């Protein structure tokens, strides 16, 4: 099957990504590759995996494991006309390493409306579940919301941000939706995608990356087998994480634990150049260096990893233009 031609742009930030959603959606050909992965186009589900792969390759700095895991999982899932269970991914890593950026790209390249699609549902603990004392109401509402929206469209995407800030016990209501049953409450839900995002495991990932650097191992030599056990343990041992006693980890319902490595100085430089391109500006050595000089790195001795990843790059650039 011939791949559709697509030009990746250096969007660099979520605001730029959202601004281009409508233009990108308007240009899609419903008979193109995006609708021919073994299933019909459902709702506004328009998978463009070549576009996603291109964007990740150009703009996601320093995340060889995340790129490979996300793409491999999505390709296998989208190409299967009758998946055995929903796709469930858990993204872990230090702040500013690209977790939210990747989740926004998944919405962009899977649904015609991107993050504004009626079939993309983004949950934030601060916005949707702010009061732990209301946990029973939240559980009922979340179960009804997921069930109702899967009834309306089996091809739905559910994003759960800041899992380490969710009220304990809330996620247990998702357990029936994440397994391999044919139906739940009369709803066929096997084509849904669930993405969970958290900083939990970030310190452990950073330690593995630091030890690899001290041992003079290439960053790309760090494998999932080194990271998945320490991330899983960090989650299971954290009573403040949304997975705490939910059964989701214990019953092996995660299809992939996706680690995001801490970013080094050259990765932050990559982010600065992307952001300048997003602003329509040519690379400016003075601005790039000023942003790097204003960025805090750790550990104190090595000054190796950015404390905020690329999270504050956009705001810092405006200070030096």
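Using N, Cα and C of the backbone, Cβ positions are placed for all residues, glycine too.
Automatic prediction, not curation, is the source of TrEMBL annotations.
Taken from TrEMBL, the feature ATP binding site applies to 93, 94, 95, 96, 97, 98, 99, 100. The domain 'AAA+ ATPase' annotation in TrEMBL covers 85-227. Among the features that TrEMBL reports, signal peptide is placed at 1-26.
Listed in chain order, the extra residues whose Cβ falls within 8 Å of the Cβ center of the ATP site residues 93, 94, 95, 96, 97, 98, 99, 100 are 199, 202, 260, 309, 311. Taking a C-beta cut-off of under 8 Å and a sequence gap of six or more, residue 97 (ATP binding site) has these contacts in its own chain: 62, 63, 202, 260, 261, 262, 263, 309, 310.
Around residue 96 (ATP binding site), taking its Cβ as the centre, 21 other Cβ atoms fall within 10 Å, counting all chains. Within 10 Å of the C-beta of residue 100 (ATP binding site) we count 17 further C-beta atoms, all protein chains included. According to DSSP, the domain 'AAA+ ATPase' (85-227) comprises 72 helix, 24 strand, 47 coil. Sequence-distant contacts of residue 93 (ATP binding site), defined by Cβ-Cβ distance under 8 angstroms and a gap of at least six in the same chain, are 66, 99, 199, 201, 202, 205, 259, 260, 261, 262.
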